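Asker: After the structure tokens below, expect a handful of questions from me.
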Amino acid sequence: MGIEKRKKMVWFWPEKHEGGVIKEAEDVAAEHISREGTMSHYSFSKGLLPPLGVGATARSSRHIKLRCFIVSPFDPRYRAWDWFLVILVLYTAWASPFEFGFLQTPRAPLSILDNVVNGFFAVDIVLTFFVAFLDKATYLLVDDPKRIAWRYTSTWLIFDVVSTVPYELFGSLLHNTIQGYGIFSMLRLWRLHRVSKCFARLEKDRKYNYFWIRCTKLLLVSLFVVHCGACFCYSIAAHYPDPSMTFMALAEANWKQKSLLIRYVTAMYWSITTFSTTGYGDIHGNNAEERAFILFYMIFNLGLLAYIIGNMTNLVVHVTSRTRNFRDTIQAASAFAQRNNLPLGLQEQMVAHLSLRYRTDSEGLQQQEIIDSLPKAIRSSISHYLFYEVVDKTYLFHGISNDLLFQLVSEMKAEYFPPKEDVILRNEAPSDFYIMVTGAVDIIARVNGVDQVVGEAQTGHVFGEVGVLCYRPQLFTVRTKRLSQLLRLNRTAFLNLVQANVGDGAIIMNNLLQHLKDSTDPVMKGILAETELMLAQGKMDLPLSLCFAAARGDDLLLHQLLKRGSNPNETDKNGRTALHIAASKGSQYCVVLLLEHGADPNIRDSEGSVPLWEAIIGRHEENAKLLSENGATLSFDTVGYFSCLAVGQNNLNALKDIVKYGGDISLSDVNGTTALHRAVSEGNLEIVQFLLEKGADMDKPDVYGWTARALAEHQGHEDIKALFYNQRPVERKTILVSGTPEIKPLMKHSSEPVMTHHHSREAMPPLARAVSQRRKLSNFKNSLFGIMSAAKTGDEGGASTRTGISEGVGGVYPARVTISGEASSSGKVVKLPDSLEELIEIGEKKLGFVATKILSREGAEIDDIRIIRDGDFLLLLKVS
């Protein structure tokens with residue numbers, strides 16, 4: 001709050017720096033130009049606009065950051081002072097003519113009020129010397145005190161001083177024959193220029209109705225003229241030697257004996273009847289002075305009345321012009337239809353459309369001209385707010401990027417259609433397609449020469465898209481059933497956007513083809529066949545990618561695109577190339593075409609997968625063989641990961657293919673996990689046996705020191721343990737090799753189905769960075785390696801997870817053990833503490849005695865808390 005207040009003070013009362021030089025503050029100046037003063041965030045009827053150009057704005061910043069004690073004319077406090085003076089001017093506008101005509105000498109309370117008002121204007125004279133002014137040549141605020149003083153002194157200072165000096169200061173010096181009081185009162189009318197400026201600002205202020213501002217201004221001008229006419233004419237009568245030869249005597253012979261109020265009302269009556277030219281009760285001049293004044297008064301009235309009538313006529317015509325134009329348009333359309341003998345239904349459509357357009361414009365529903373005049377960013381924001389949700393649910397745009405969807409919404413035009421109006425005609429050129437926002441339309445086909453309704457489109461449906469995307473005449477006539485709001489998208493604008501988003505264009509085309517396939521209409525089936533033929537021949541206007549052709553298995557289209565110079569290694573938004581897709585789909589001809597045109601057989605996608613692995617996991621042996629013959633390999637840094645994936649899917653054939661194509665399945669991934677580790681975790685004896693036959697090492701530890709043999713013992717896989725023993729009969733204990741960390745207890749943490757965690761980003765293959773959800777393994781997250789992989793995540797995060805068991809994402813359970821005082825007792829489940837001393841204290845609280853020994857279920861003594869695992873049974877004994 002303090003900062004904001006200080007910013008405002010910088011704008012209005014800026015600080016002065018060394019030598020009187022103002023510090024340059026371009027950012028602050030620009031901010032204050034747009035937000036401070038009396039300028040709101042959305043109104044620029046008041047305030048100072050910056051000049052064009054960045055350099056010009058910088059050069060003018062010193063004029064925006066005003067000097068010390070110089071007030072901006074746009075300061076809201078100064079504007080409030082100005083409004084206060086306008087109210088005082090309204091009083092002056094009445095009092096000055098009244099004192100001139102009806103008073104000869106000062107009389108309370110008017111004289112007191114006059115002096116109070118004069119005091120305020122005297123303060124304003126002093127204040128004006130400290131108010132910056134706008135240079136009309138450069139439109140910059142001038143804050144030099146000398147220039148401000150010179151400008152004011154050489155222009156309006158003398159008038160302001162004369163109109164402010166009280167009459168009492170020098171009235172006694174004037175001769176008795178001079179009506180000094182009234183003359184000096186009239187000098188105060190100089191202040192009326194403030195009212196004119198006030199109304200000029202109000203007319204530009206959108207918060208106030210322009211019609212009523214103009215009417216108020218004209219009314220005040222009329223009242224002021226009538227008031228002045230009455231006062232001037234009465235002054236002539238009051239100073240005429242013979243009171244009986246004046247216009248006042250026509251109504252009352254002894255009019256000078258009447259009260260001041262009666263005389264003022266009488267004079268106002270004659271003045272206003274003369275001003276309004278009613279023809280009865282006009283001021284009748286009985287002497288030469290009155291006749292001369294009335295002559296000029298009535299001539300002036302003629303001009304003023306012409307001005308008032310012209311203004312009022314213009315205001316009324318402006319209000320009714322829209323209705324008049326509507327009626328003229330309806331009349332012209334009806335005359336045209338009748339003159340050319342148009343069908344009655346077509347005439348009704350014309351009139352209904354024009355009537356609806358008038359309603360939408362008059363009710364503010366569709367101000368297209370105003371919207372088109374706005375900047376593109378504002379237009380886009382309006383369209384996004386109103387229509388994004390509807391367009392997002394349209395089948396044609398399912399799966400496209402948010403960027404393209406936003407751009408499409410920005411290009412759409414909202415239109416209203418009355419009931420029974422044709423939106424699209426059969427066989428017309430496909431220039432636009434439409435999305436339903438509200439309402440409903442009938443889709444009409446011509447069957448045996450008769451129009452029949454074959455379908456209906458409602459909110460969120462699209463029509464006309466087949467003609468636009470396939471570039472063929474529209475198939476159906478679309479006619480509204482009731483008042484409907486539609487979004488129209490021009491074909492040219494649509495194609496221009498899709499050209500810059502080739503991948504999204506393929507998605508849109510797939511959505512259309514799937515829609516045609518799902519349709520039961522025979523006509524749509526025929527269109528599907530024609531469209532697919534056009535795709536194969538490359539005759540579609542939509543930009544199609546190699547990935548689109550590969551996904552469809554369309555080798556003809558793929559060949560056409562490659563002949564046109566498409567990059568065989570181009571990728572989609574997931575980093576997958578056409579070769580990845582063709583290999584996974586089993587499209588052998590597509591694979592051949594891509595390899596012939598130079599596609600890289602070892603290119604990786606964003607997940608690190610290569611085409612050969614896609615062919616292997618998809619069981620496309622011919623593609624795998626073809627890729628291998630053309631140089632495709634499973635690289636050393638990823639083969640261990642692929643092997644683990646195959647084991648996780650219990651896919652023995654994939655492991656065999658890895659071996660077949662030169663992969664070493666005994667290698668480990670970045671966590672040191674081998675395929676044998678994974679096979680033991682899955683409990684798959686067949687795969688374990690196969691891996692052992694291919695040279696897998698059962699005693700090779702991972703980064704935690706766990707070997708496959710130790711895992712089999714821990715998980716209780718008796719058949720696997722027997723296989724290991726028969727393969728290599730050694731003592732069943734975990735072997736720590738040099739350089740490996742000490743074995744950590746098992747910890748259960750949430751994990752992705754694949755082991756993607758790593759020590760360093762450089763050491764990790766791309767495939768381990770992001771694993772596709774389509775390859776999730778159902779069993780791994782509950783396996784030992786799933787637990788350990790998640791534990792690795794915890795260690796890398798810097799927090800100790802030795803006793804942590806995660807649940808889902810972010811939830812951590814502590815490791816738990818069962819303690820008992822007797823071997824046969826069921827015991828109590830407690831949280832595993834960090835030391836044996838704490839465990840003994842817990843035993844004292846739970847069991848009621850202080851234990852001196854801690855034994856395992858098998859009777860072995862435990863002397864280190866680190867060898868206790870989650871779920872162990874502990875026997876606490878007190879030995880004397």
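Just so it is clear, glycine is given a Cβ too, placed from its N, Cα and C backbone atoms.
Straight from Swiss-Prot, here's the annotation block:
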{"type": "DOMAIN", "residues": "809-880", "note": "domain 'KHA'"}
{"type": "REPEAT", "residues": "541-570", "note": "repeat 'ANK 1'"}
{"type": "REPEAT", "residues": "574-603", "note": "repeat 'ANK 2'"}
{"type": "REPEAT", "residues": "607-636", "note": "repeat 'ANK 3'"}
{"type": "REPEAT", "residues": "637-667", "note": "repeat 'ANK 4'"}
{"type": "REPEAT", "residues": "671-700", "note": "repeat 'ANK 5'"}
{"type": "TOPO_DOM", "residues": "1-82", "note": "topological domain 'Cytoplasmic'"}
{"type": "TOPO_DOM", "residues": "133-153", "note": "topological domain 'Cytoplasmic'"}
{"type": "TOPO_DOM", "residues": "204-217", "note": "topological domain 'Cytoplasmic'"}
{"type": "TOPO_DOM", "residues": "313-880", "note": "topological domain 'Cytoplasmic'"}
{"type": "TRANSMEM", "residues": "83-103", "note": "transmembrane segment"}
{"type": "TRANSMEM", "residues": "112-132", "note": "transmembrane segment"}
{"type": "TRANSMEM", "residues": "154-174", "note": "transmembrane segment"}
{"type": "TRANSMEM", "residues": "183-203", "note": "transmembrane segment"}
{"type": "TRANSMEM", "residues": "218-238", "note": "transmembrane segment"}
{"type": "TRANSMEM", "residues": "292-312", "note": "transmembrane segment"}
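Help me picture where these features are in the structure shown.
Answerer: Residue counts for the domain 'KHA' (809-880) under DSSP, helix first, then strand, then coil, are 15 helix, 22 strand, 35 coil.
Note on the repeat 'ANK 1' (541-570): DSSP counts are 16 helix, 0 strand, 14 coil.
If one looks beyond the repeat 'ANK 2' (574-603) by at least 6 residues along the same chain, the residues whose Cβ comes under 8 Å of a Cβ in the stretch are 545-547, 549-551, 553-555, 558-559, 562, 568, 609-612, 614-615, 617-618, 620, 622-624, 626-627, 630-633, 635.
Looking just at the repeat 'ANK 4' (637-667), the mean pLDDT is 82.
Note: the topological domain 'Cytoplasmic' (204-217) comprises 9 helix, 0 strand, 5 coil (DSSP; helix = H, G, I, strand = E, B).
Beyond the ends of the transmembrane segment (112-132), by six or more residues, the same chain brings 66, 69-73, 78, 81, 84-85, 88, 91-92, 95, 99, 106, 141-143, 145, 148-149, 152, 157, 160-161, 163-166, 168, 185, 191 to within a C-beta distance below 8 angstroms of the stretch.
Sequence-distant neighbours of the transmembrane segment (218-238) (same chain, 6+ residues past either end, Cβ-Cβ under 8 Å): 93-94, 97-98, 100-102, 182, 195, 246-248, 256, 263-264, 267-268, 270-272, 274-275, 283, 289-290, 293-294, 297, 300-301, 304, 308, 311-312.
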Asker: Between the transmembrane segment (183-203) and the transmembrane segment (292-312), are there three or more C-beta pairs closer than 8 Å, counting only pairs 6 or more apart along the chain?
Answerer: no
Asker: Given a Cβ distance threshold of under 8 angstroms, which distant residues of the chain, six or more beyond its ends, lie next to the repeat 'ANK 1' (541-570)?
Answerer: 469, 471, 495, 498-499, 502-503, 505-506, 508-510, 532, 535, 576-579, 581-582, 585, 587, 589-590, 593-594, 597-600, 603
Asker: Reported in the order helix, strand, coil, what are the DSSP residue counts of the repeat 'ANK 2' (574-603)?
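Answerer: Counts, helix then strand then coil: 17 helix, 1 strand, 12 coil.
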